[in-house]
Amino acid sequence: MALRIVYILIFCTFVVYTTIDGRIIPDDPIDEIVNEPTNINEETFSTLMSYRKRFEHSNSVRELQWMFQKYNDPPEVYCKVCHVLLPIVRILIYANQTERIEEAVLNVCEEFGLVLEVCSGAVHEYKDVVFQVIALTEYNDKTLCGIALNCDRLTDFPALNWTVPVPDGKPSPQPPKPPSPSSPKLQLLQLADIHVDFEYKPGTEAACLEPLCCRKGLPLPGRPAAGFWGTSLHCDIPIWTAQAIIEYAARTEEVDFIYYTGDTPPHNVWNQSRADQLYSIHTINNLVARTFPNKTVYAAVGNHEAAPCNLFPTPVIKTDNISWLYEVLADSWINTLGLPNDTRETILRGGFYTTLIRPGLRMISLNTNYYHHDNYWLFINSTDPLNQVEWLIQWLQYAENHGEKVHIIAHHPPKECFAAFGWNFDRVVNRFENTISGQFYGHTHKDEFNMWYDENDHQRPISMAYISPSLTTESFLNPGYRIYTLDGEYPQSSYWVLDHRTVIMNLTATNLYNRTILLNEYTARDAYQMDNLFPADWDNFIKKLENDIDGPLMSTVYKHYTKSIADGSQCSHACRRSLICGFKTSREDQPHACDSIPPFISEL
């Protein structure tokens with residue numbers, strides 16, 4: 001997100017003079033760009049002057065002026081700006097004049113009253129990558145604008161569509177069945193999106209102008225202040241709150257093993273260093289390991305572990321690498337969290353790995369940061385970085401051949417990733433539906449789930465994923481964690497989730513009484529009147545929601561979605577419909593996934 005803001009600022013830098021009061025474009029901006037062109041050859045200089053004439057007479061620019069007058073912040077404005085101005089940005093990069101872009105962006109920060117520290121920090125963090133990507137990408141201007149600003153559907157660009165072969169020989173589907181009530185069970189703890197802010201300061205401004213608050217400054221009279229234990233605004237949690245919640249889980253839960261689906265550092269993405277990220281990783285991993293001795297923690301890497309945030313260069317990038325992170329993760333995950341040493345090779349290669357948890361249960365941890373829109377290194381080449389999907393298929397085939405069930409964990413849910421990855425992952429899930437018995441993700445901070453359906457009839461549910469609520473409060477949330485009851489260790493166990501329970505901290509009461517108040521928010525089977533939690537049961541649950549969108553059950557779902565910070569009265573009919581659509585969607589660009597949801601009344 002921060003990188004997208006930088007892109008927008010770069011483009012707005014050049015258009016700002018064309019939009020204020022709708023005035024005609026003056027000569028000054030172009031004159032400033034081409035002034036003293038010491039590193040620009042005659043051909044490039046002529047090209048720049050050509051763009052000056054195009055600006056002066058362009059119908060597109062006149063349309064931009066009109067759009068800025070009519071709308072405050074429409075996405076189409078950014079796309080128009082991008083299409084007009086990206087060629088100029090390319091020329092300045094080619095001419096080694098990028099400092100002019102940087103200066104202009106900072107001027108825009110001041111012009112629009114943006115927080116200069118945040119704006120300048122974001123420019124400093126991301127500018128080199130942005131310039132490299134624009135210089136090195138083979139995508140044309142239209143494609144690059146379309147990807148960066150979501151101007152067009154990603155599936156419209158052939159360069160972004162890739163396919164990994166999926167093996168034939170799919171066995172007949174064998175939907176999971178309830179085990180015997182007396183069969184063994186396992187208890188799994190999932191921690192997601194901890195986001196500890198080591199600079200959190202109680203009493204500071206909780207509703208500030210920066211993206212992350214509760215760090216500095218005193219609030220004005222009548223404005224909220226940061227609570228001692230945390231604040232449900234744009235704030236992450238203090239270390240002592242994270243420690244209290246994790247210690248509570250260790251005291252009260254019977255935990256057999258732990259999934260941690262990533263994102264440890266705070267959200268101050270405009271001012272982070274590699275040292276900052278590594279400090280967060282070491283501190284939290286040591287805290288979890290110390291609090292749960294003799295329990296293995298199976299981790300996935302989050303987008304916030306990188307510095308700059310979101311940017312995971314692939315091996316084709318010769319100017320940067322992320323080995324500094326993977327080397328630390330390999331040591332920490334193995335030596336501190338308890339992974340076996342044979343996971344080291346692929347962690348060092350790309351932050352992914354597989355291992356056996358129990359006899360017959362394999363866990364595969366994917367690095368989905370290599371498929372997410374905000375990893376702008378993918379604009380150079382997005383085709384299955386590090387062949388990770390191919391590697392996943394090989395291990396699923398191995399598991400199928402050896403009678404193993406597989407849990408997949410990752411940070412980003414597949415629906416948050418590029419359409420090409422989502423489409424390939426859908427094919428993988430369809431092929432190995434008998435093998436994959438659980439998917440566990442984070443990133444959204446909300447309490448959600450996603451469904452997968454048969455790729456042929458689009459009706460039969462074949463898999464589902466749990467998106468666990470976050471430990472952080474950012475934004476407008478209570479802290480929480482999730483406990484799953486699994487089919488346990490015995491021959492022919494399915495290892496499917498049989499039930500789950502979400503625990504939250506009542507932050508309002510905790511701050512009011514100055515003592516930690518944690519409670520069981522809900523248990524899935526009881527709250528949703530479900531016999532089991534298999535894909536067919538969740539599909540039936542969705543149908544119940546569709547048949548009574550404005551009813552009390554959907555209100556309960558929305559309350560849990562926000563970790564009880566809100567209730568159903570705050571979710572309109574459109575909000576509820578959108579939420580159901582999200583549950584039914586497993587990947588980006590599924591235009592007909594939500595056709596079965598009853599339409600708005602105005603559509604009838």
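Cβ coordinates are placed from backbone N, Cα and C, and glycine is handled just like the others.
Those TrEMBL annotations? Automatic predictions, nothing curated.
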In TrEMBL, CYS208 is disulphide-linked to which residue out of CYS213, CYS214?
CYS213
Near Zn(2+) 2: residues not in ASP263, ASN303, HIS411, HIS443 with Cβ within 8 Å of the site Cβ centroid are ASP193, THR261, GLY262, GLY302, HIS304, ASN369, HIS412, GLY442
Rounded Cα-Cα span from CYS594 (disulfide bond) to HIS195 (Zn(2+) 1 binding site), Å
33
State which of the following disulfide-bonded residues has the fewest other Cβ atoms within 10 Å around its Cβ: CYS82, CYS214, CYS235.
CYS82
Rounded Cα-Cα span from HIS445 (Zn(2+) 1 binding site) to CYS575 (disulfide bond), Å
17
Between the Cα atoms of CYS119 (disulfide bond) and HIS443 (Zn(2+) 2 binding site), find the distance and write it as a whole number of Å.
24
List the same-chain residues at least 6 positions away in sequence whose Cβ sits under 8 Å from the Cβ of CYS213 (disulfide bond), in sequence order, or say none.
THR204, GLU205, ALA206, ALA207, ALA226, THR231, LEU233, HIS234, CYS235
